[in-house]
Amino acid sequence: MPGSGGPVATFSVWDYVVFAGLILVAAGIGLFQSFRGRKEASSDEFLLGGRQMTAVPVALSLTASFMSGITVIGTPAEAYLYGTPFWLFFISYAIMSTISAEIFVPLFYRLNITSTYEYLEMRYNKLIRVIGTSMYIIQTALYTGMVIFAPALALNQITGLDLWGVLVATGAVCIIYCTLGGLKAVIWTDVFQMIIMLGGFVAVIARGAVLQGGLGRVWNDSFYGGRLETFSFDPDPLRRHSFWTIVVGGSLMWASMYSINQSQVQRYISCRTMTHAKLSLYVNMVGLWVTVSLAMMSGLTMYSIYKDCDPFTNKDVGATDQLLPYLVMDILADFPGLPGLFVAAAYSGTLSTVSSSINALVAVTVEDFMKPAWPSLTERQLSWINMGMSVFYGAVCIGMAGVASMMGNILQAALSIFGMISGPLLGLYMLGMFFRCANSTGGLAGLASGLAITLWVGIGAQLYPPLPEKTLRLPLSVEGCVALNTSETTTMTPFSTVLQTTTPQPRPALADNWYSLSYLYFSPVGIVVTMIIALIVSAISGGCKQKKVRPELFISKSDLICFRCKKSDSEVSDLIETKPKDNQGLDSPVFYDNEIVLKEKDQQEKITKL
């Protein structure tokens with residue numbers, strides 16, 4: 001009986017058929033895009049889809065890229081263990097989307113760049129660009145290893161498949177369609193995988209609601225179990241999740257993911273116009289809302305079923321990240337094929353993120369290292385290099401899964417990585433975009449300081465996790481279990497057993513204050529430290545006396561919504577009809593706004609009539 005504890009069924013033949021079929025479709029998209037685009041085998045076509053993508057598929061790809069297997073597995077467990085404060089990320093997603101669309105999109109389109117780190121060389125120097133690219137490569141490789149490992153560990157329990165077999169298979173499929181199809185294959189595969197992910201959540205919620213007597217019962221159980229206490233205005237920065245940590249810290253953390261992260265920027269600059277790029281971010285925002293809502297409802301459904309018999313406390317699972325897969329086999333085993341659909345959903349999330357990461361890693365490596373070192377490379381040579389680098393980074397990410405196995409809660413660990421590394425990088429970009437007095441000396445000093453601080457607190461938090469009173473895990477019960485399960489049901493390779501280590505360690509003085517800082521504040525701390533140190537060093541080293549910097553490298557008033565809305569009609573008309581003197585990247589047919597073309601055409605017709 002579901003919810004009573006004990007071992008659950010494993011995959012049936014039909015589950016394997018559904019799972020394998022969906023994964024083969026994903027790989028087939030890569031092959032299709034490869035054959036379809038053979039005549040357009042340029043580096044730009046491979047890395048940016050020829051800059052001809054439209055808003056909706058790019059938006060779904062943006063959503064799928066970070067709504068990975070970690071989201072499919074980790075977010076429901078978050079709702080089950082901690083309740084619904086995670087829903088406050090709705091506000092963070094809205095703030096992040098506005099910042100990315102209205103500040104960063106105009107800047108990157110104006111500069112007509114492929115790698116976001118090209119901006120660092122334009123604004124500072126070559127050394128800072130190389131450092132920024134290297135930080136991104138390390139961050140993405142580690143994060144991608146975690147994305148591969150965490151769902152593989154969970155799927156290992158319910159399918160019985162060998163852990164390393166799942167890891168290698170994941171990397172192999174991603175390598176195939178990244179190598180052959182490039183960005184178009186990644187985007188269209190993401191669209192397909194996004195549909196599968198949402199379908200998996202819907203299946204869990206629907207079946208759970210039927211078993212519990214409706215969604216009203218699920219909601220009622222969650223209310224009395226304390227899972228619906230969403231709003232906490234406690235200003236304590238050590239509180240894991242509160243209104244302030246999520247809205248302030250979460251907004252800046254997600255902004256660092258979407259505004260400067262190559263795997264995301266690469267998608268929206270592949271759009272055919274700036275309007276499509278901005279629209280893709282706002283549609284993506286809605287996609288994030290829907291995905292997180294379904295994931296949270298899955299977690300609340302899981303709590304309603306297991307409120308009297310927690311599988312983790314009952315030792316039916318070896319890690320909290322295995323809770324949702326356990327639930328799937330507990331409630332969907334009587335419906336052949338549906339467990340396979342869910343596993344495909346988790347696996348699709350992993351494939352989506354891994355493929356996005358590999359494609360972005362190839363882009364920054366080629367643009368920031370290969371092209372500057374060998375500027376005479378032909379398009380054909382670059383295409384072969386792109387494919388070779390896809391294979392290389394796929395292998396690296398599989399290897400990094402071993403490092404990822406040493407992390408704890410996968411959702412928190414994944415977001416912590418972005419806060420530690422992307423936070424200081426976002427501070428460096430904001431410094432360059434808003435402060436004309438900032439120079440390369442100050443930028444380098446600020447970046448080094450910000451990174452040192454975030455690594456210090458992040459690694460410290462990993463070694464000495466916050467005490468339970470700060471994390472506020474909600475109570476669970478095993479009173480309704482048929483019997484306590486004393487056996488370990490999970491089969492793991494030896495290195496993954498570190499997840500079960502609970503040996504107490506002596507805690508240093510900083511463990512209960514500095515190291516207990518909410519992981520969502522890692523990014524704001526990195527931004528603030530980077531900008532303050534950079535401005536001080538820039539002032540000392542003559543930043544205000546430097547030669548005039550290119551004006552297109554800064555954010556102008558016209559880039560911001562608040563100023564744009566105040567413009568009179570005549571000012572807007574003048575702005576549209578006047579083509580920038582230095583073109584600012586708009587002379588490319590990809591970026592040339594249709595309105596400019598129409599205005600110039602109308603002006604010519606008026607002159608002809610006169």
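Cβ atoms are placed via backbone N, Cα and C, with glycine included.
These numbers come from a predicted model, not from an experiment.
When Asn112, Asn220 are compared in Swiss-Prot, the N-linked glycosylation site annotation sits on Asn220. Cross-referencing Asn261, Asn485 with Swiss-Prot, the residue annotated as N-linked glycosylation site turns out to be Asn485. Membrane topology as recorded by Swiss-Prot puts Thr116 and Asn386 together on one face. Other C-beta atoms found within 10 angstroms of the C-beta of Asn220 (N-linked glycosylation site) number 15, with every protein chain shown included. Per DSSP, the topological domain 'Extracellular' (217-240) is made up of 8 helix, 0 strand, 16 coil. By the count of Cβ pairs under 8 Å, the stretch nearest in packing to the transmembrane segment (415-435) among 53-73, 194-216, 241-261, 341-363, 520-540 is 520-540. When the topological domain 'Cytoplasmic' (262-284) is classified with DSSP, helix, strand and coil residues number 18 helix, 1 strand, 4 coil.
When the topological domain 'Cytoplasmic' (364-390) is classified with DSSP, helix, strand and coil residues number 22 helix, 0 strand, 5 coil. Contact between the transmembrane segment (341-363) and the transmembrane segment (88-108) is absent: fewer than three CB pairs lie under 8 Å, with pairs separated by 6 or more positions in sequence.
Between the transmembrane segment (53-73) and the stretches 241-261, 285-305, 441-461, 520-540, Cβ pairs under 8 Å are most numerous for 285-305.
The stretch with the most CB contacts under 8 Å to the transmembrane segment (285-305), chosen from 88-108, 194-216, 241-261, 520-540, is 194-216. A Cβ distance under 8 Å defines the sequence-distant neighbours of the transmembrane segment (88-108), meaning residues of its chain 6+ beyond its ends; these are 116, 119, 230-231, 241, 243, 246-247, 250-251, 253-255, 257-260, 265, 268-269, 274, 277-278, 281-282, 284-285, 288-289, 292, 433, 553, 555, 559-561.
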